[in-house]
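Pulled from TrEMBL:
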- 327: active site, proton acceptor (ACT_SITE)
- 28, 29, 33, 174, 176, 327, 354: 3-phosphoshikimate binding site (BINDING)
- 28, 101, 129, 176, 358, 403: phosphoenolpyruvate binding site (BINDING)
Ligand code: S3P
C-alpha cells in the first residue's frame, strides 16, 4: 500500500470500568521474521498466530516476489515454502512495504548480497524515514543504493555478487539495523559480526538459531553484545507459534490502569527482557499488575497479566531501558498524564524517526488535552495531572502512525471530555482488531 487510504476519524469517550480478557494478536516483530525465515529455509515452514496486520502482509508479498510460496490456511495459520539461503530471484516489481520500517529494512538486508537489483517504496510515513542507517552498513558488504535525498524511499538497492563479511558496530540501538546486517551476512561467505552497545530485541538471533544457523552472542569486556553469524547456512523449516505482541498488549494494559474500577486479564505477554521495559516502568509507577502463570510460548518467556486500575505516580525512566520499550513511550506518556507528579523519559531520540516523530506527535496532542509537556531532542517530560485531571476535548493528529492513534484513543477513555483523532486507519498496520477488542472490554470508541 504506497498510497495511504481514506482517513478514518475516530473518537474515544470516558467509559465505565474495563473488564474481561484482552487476547491481543501475534507479535509484529516475530511475524515479519517468521515469514522471512520461512522464505530462507528449504521446504515448508508452518506458522500459527501470525499477525495479519498490513505491515506483515506486505512482508509476505515481498517474500512471494522474491520466489517463496506464501499461503494462508486460516486465521493466523500460514505456510511458507522457502527457497533456501542464496535462492532468491530478482523481483519483477517494486517492493512496497507500506508503513513498515521493519519490513523494508529487514528485506533490504536480505537482498543486498544477491546479484540483482531491488526497488523499494512505502507509504507517506515510510518515504520520510531515514534509510542510510541500513544502506551504509550494506555498502560495506558491497551493495550500492540509489535513493532520494537522505537515502529516502523510493530506493533501488543493487546487491553484490561477491559480498565480503563485515564487522559492524551499530551506531544507534536498533534491532532493525542489527538484523539487516545479519541478513546480509546470511548470503555472505565467512563470519559476519554485529556489535551493539545496548541490547535490542533479540528475536532475530533466537530464530536464526531455531532455524539451524550457526550464531552466537558473547558479552565483550566493555559489556557490549557481540553477535557472530557464520554465512551461507542451510536453514531448516520450522513450526513457528508466534506469541502475542507485548507492544500491542500495552494498550489495553495502560487503558485498564487509568480507567477507574478496571480489572482485566491480558494473557501470554512476553517477559523477554529485550521487550518488557514498559511493564517494569508501570510497576515502578505503582501499577497493580500481577504476572501469573509464567511459562514459555513460541520460544519466548510469557506470563498472563492481571491488571487493575491504579493510583500512579511519575518516575524517571532510565535511558538504558529505552531499547526494551521503544514502541511503548507514546502510550506511557498518556499513562504519565494521569499520574501524579512528573515522568521524565531520557535517551529517547530514536522516537523522532519512527512512523512519525513520536515525541512531537504526543507532545502536541497531550498539550491540546491540557497536559504540560517539556521536550528536547533526546528527552520527553510529562507533568502528570492526576487520575481525573486530564481535560481532553481535542482532536489529535496521528501522522500515519498506528501507535499515536491508539495512544490518544486510550487517553480519551479516562479524560474529562472525549479525545478525537484525525485518522485511525493506520491502526490496521499492527493491531487490526483493536476497536473490537477494546469495545469488548467496555471502551467507547466510535468512528466519524
Ligand atoms: C523492530 C525494531 C524497533 C521497533 C520496531 C520493530 C524490529 O525498531 O521500533 O517497531 O522488529 O526489529 P528499531 O530497530 O529501529 O529501534
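Using the three backbone atoms N, Cα and C, a Cβ is placed for every residue, glycine included.
No curator has checked TrEMBL annotations; they are predicted automatically.
The separation of residue 174 (3-phosphoshikimate binding site) from residue 101 (phosphoenolpyruvate binding site), Cα to Cα, is 11 Å. Secondary structure from DSSP puts residue 129 (phosphoenolpyruvate binding site) in coil. Comparing C-alpha positions, residue 29 (3-phosphoshikimate binding site) sits nearest to 327 among the recorded positions 129, 327, 358, 403. Selection of the recorded positions 29, 129, 327, 358, 403 by a Cβ distance under 6 Å from ligand 1 yields, in sequence order, 29, 327. A distance of 19 Å separates the Cα atom of residue 358 (phosphoenolpyruvate binding site) from that of residue 28 (3-phosphoshikimate binding site).
Cβ neighbour counts within 10 Å, taken over all protein chains shown, single out 29 as the most crowded of the binding-site residues 29, 174, 176. When the recorded positions 28, 33, 174, 176, 327 are screened for a C-alpha within 10 angstroms of the C-alpha of residue 403 (phosphoenolpyruvate binding site), the residues that qualify, in sequence order, are 327. Note: the Cα of residue 33 (3-phosphoshikimate binding site) and the Cα of residue 327 (active site, proton acceptor) are spaced 18 Å from each other.
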